[in-house]
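As recorded in Swiss-Prot:
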BINDING   ASP158, PHE187, ASN204  S-adenosyl-L-methionine binding site
BINDING   ASN204, PRO205, PRO206, TYR207  substrate binding site
Amino acid sequence: MMNNVRKLKHNYKIMNNANIKIALDFLLENSKIGKSDAIEIISFITKIEYSEVLFSQEKVLNKKQFKKIIKISKKLAKGKPLAYILGYKIFRTHKILVNKNTLIPRMETELIVDYVNEFINSQNEKISVLDLCCGSGCIGISIAIENKDKMENVTFSDISKKALNITSKNIENNNLVNWTKVVKSDFLNSIIKQQNKFNILVCNPPYIDFNDVDVDKMTKKYEPKLALFAKDNGLFFYKEAIKNIDKFMDITKNILIVFEIGWKQEKELDVFLKQELGLKYKWKFEKDYFNNLRYLILTK
């Protein structure tokens, strides 16, 4: 207890003459975060561009700014994700708003956009995309921004109205309103009823089994369970989508489906795909940055 009191007094003492270098050191010492996150916090509080923070280390912070740093540090020390504290996450190079109703975009999910971009560049016609279980909309928004000239439309769908509110804000912030659509749907139910057909499906569905003991404790504590867990060993949503491909994909043309999957799910999914699709479609499994099998990619 005495150590905490001393530390607190020290924090308020350095508040009077703290510059950005001191603030960075304070965050690294007290918050269990890396340097890039510490720079992001300083950028957020001071409004200095991220790329300029390290060139501005002698700039003195005012008391209000340093109090904010202490407050953020305390939240981080308790395990609260930085993205939820700041209210956004940089995904690829795009600023994506998030809150407790959306999953935090992960680095490994970024590769989905690369697979889609490669496919789009090989097509001659304009493309219609469905971002299913969209959460914050980070995947569909990145695809839309990076392929504006080739987009027919992008539809964002999720069961959570609160998540879709964040999606809508991200769409507005990136000037994508005119050629995007937001649909509240219990997975594919409303999508199929509307009878729209798509060239591309991207989907990072709930895929963690309810009994999985490997789930990160802080992920389980802070992120929405609705977006994390699925029945049938976490495979329910993949199977539902695959069984209904012809009801929402434009199978008269080239199609691309990219799922993010759990690293232990490849074998079960492969067996199911062989039983359900036979030779009608081609599929492969690809690894993420960390050498884990993370993507199911399906084409016609």
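Each Cβ is built from the backbone N, Cα and C atoms, and glycine gets one as well.
Projection of Swiss-Prot feature records onto the structure.
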residue : record                               : Cβ contacts under 8 Å, 6 or more apart
ASP158  : S-adenosyl-L-methionine binding site : CYS133, CYS134, GLY135, LEU164, THR167, LYS184, SER185
PHE187  : S-adenosyl-L-methionine binding site : LEU132, CYS133, ILE159, PRO205, PHE237, GLU240, ALA241
ASN204  : S-adenosyl-L-methionine binding site : LEU103, THR109, ILE112, CYS133, GLY135, ILE139, PHE259, GLU260
PRO206  : substrate binding site               : CYS133, LEU226, ALA227, LEU228, PHE229, ALA230, GLY234, PHE237
TYR207  : substrate binding site               : ALA230, GLY234, LEU235, PHE237, TYR238, GLU260, ILE261, GLY262, GLN265
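Of all the Cβ atoms in the protein chains shown, 21 others lie within 10 Å of the Cβ of PRO205 (substrate binding site).
Considering only the residues assigned to S-adenosyl-L-methionine binding, ASP158, PHE187, ASN204, the longest pairwise Cα distance works out to 12 Å. Excluding the listed site residues ASN204, PRO205, PRO206, TYR207, the same chain places CYS133, CYS203, ILE208, ALA227, LEU228, ALA230, GLY234, PHE237, PHE259, GLU260 with Cβ atoms within 8 Å of the centre of the substrate site Cβ atoms. Apart from ASP158, PHE187, ASN204, the residues listed for S-adenosyl-L-methionine, the same chain places the Cβ atoms of LEU132, CYS133, CYS134, GLY135, SER157, ILE159, CYS203, PRO205, PRO206, ALA227, PHE237 within 8 Å of the centroid of those Cβ atoms. When secondary structure is read from DSSP and collapsed to three states, PRO206 (substrate binding site) falls in the coil class.
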